[in-house]
């Protein structure tokens, strides 16, 4: 029977991108549908049981600042929390949590179920409904038609997905799930630039057959840092992970069987992630290394499965068993599921607007691995951006443009839509020019007010944020009103040149932890503020002078981002523009001068040609 249901926004896929997209759209007050093959699989962690890390933790904090789900789910499921780069400055520290898969999935499903305006629809999308260059809905395999004003596609690794284990290849979106073939074929009809990428996963081990006594054990932090600004402590029991390493015998077995690897046997055309190489890649690329670390990560408190982080592979199952059992502590281990590589379709993200809407198809948005990224966090951040923008478009409001100067989300989206990808893209702090101001600890200060203005932040977060900002403002005023001479600082045992310069207590906090502690003694009123507020004031003070310089650079970037380039701009008519640059500009169709400036091979003179034409057009429009 043919059924028709009406929604404002339809999200296809219930992975990390899809969950965030659907929830974000619903928080904006539109009616959203999340279409998934199995509702019980919403929020499944398909690969490693962990959230966050360097750069990735920043993305999770930014998602949380806009009232997204991932940070709260990770806090609910976290069984080991570690702040990476703890000995370095806050700008490059990254929160990370080992998660219980079952608890994470349960938390995500609970958040989605509790979200007003969101319906979960079970089914397989086999067709996109299009009308004169606009997405108008989807068709399900059972004949049900879902109409909508915007569609967000978050297909993960399911588009033409193929699983490889040695010479064996089979269709699959992930182990145990069929791929999406009809939808992949439909997308090919849109004439978008398509490619193939691959990712891999290690064998899963039975923790009861591991000799944990041979391993170095790694506990979590004694003072765990949460992902969500609303949470302050773990709720699940905390555990340790084990550390072991490969050895020469391991490497010998892998080398002797490279011809049986799907990757090295020529069965895979897709490019894999550079920063998450398979054990085959590690042994070929780093032939001089005698060992590679392997982190044994329990997948849950009530689950015996262990994820051996560091040995993803596409070798045959029997070879996997041989090399795994050469590793200390794993001599008698039982493999519960072999590792495998998965190859899938992605589409060139340069064919997207900065809102993640497909340039050639109004109302159609892409988010996650379909855009060439890898990682839960990257997918979730894109889902958030796409869901918010789809809802804004439905309501006839201006889109949300994340900037390189305000968020890691902005850095990622700009990288994708301006430069495209040649390999799976993952986030690092090194990708951000303004990383001193784009810290994980201040994501709420950067983004939550934007979320309040948009309408995607709920009352609980809004009230907590406004209370925090009021406390920070009072604390900063308090510190800036206390002026200290070099003599005062000497009494506080803060060494500084006796130059006669009076400094505010806030400026003195920038001298480091000891200075911050001394300032707290000198300004006893600070003790009235909560501990986390005092910590945040110290971090803000530490970077204040550097941020002032970066703000000048950010203002310059924002000026360039404000200069919009029409989508039909005629680059071919610019005399003096090289054929190579003309071709790149026509392909990329940058939305702003800032995006054009970041294209490979772009020159200052070429930018001036474009700016000159834009200014001339602006003057003509004003005169006419």
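Heads up, the Cβ atoms here are built off N, Cα and C, so glycines get one too.
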Record-annotated FAD site (Swiss-Prot): member among 320, 337, 369 besides 13, 14, 15, 16, 17, 18, 125, 180:
369
Those residues of the chain, 6+ apart, with a Cβ under 8 Å from that of residue 13 (FAD binding site):
35, 36, 153, 154, 155, 156, 158, 368
Given the binding-site residues 15, 125, 369, which one's Cα is the least distant from that of residue 286 (NAD(+) binding site)?
369
Distance check, please: Cα of residue 282 (NAD(+) binding site) against Cα of residue 369 (FAD binding site), rounded to an integer number of angstrom.
23
With the FAD site defined by the record as 13, 14, 15, 16, 17, 18, 125, 180, 369, how many Å span the farthest pair of C-alpha atoms?
18
For residue 17 (FAD binding site) and residue 272 (NAD(+) binding site), determine the Cα separation and express it in whole Å.
20
10 Å Cβ neighbour count around residue 274 (NAD(+) binding site)?
14
Ranking the binding-site residues 15, 272 by other Cβ atoms within 10 Å, which is at the bottom?
272
Which number gives the other C-beta atoms within 10 angstroms of the C-beta of residue 276 (NAD(+) binding site), all protein chains shown included?
19
Lowest local Cβ density (other Cβ within 10 Å) among binding-site residues: 17, 125, 284:
284
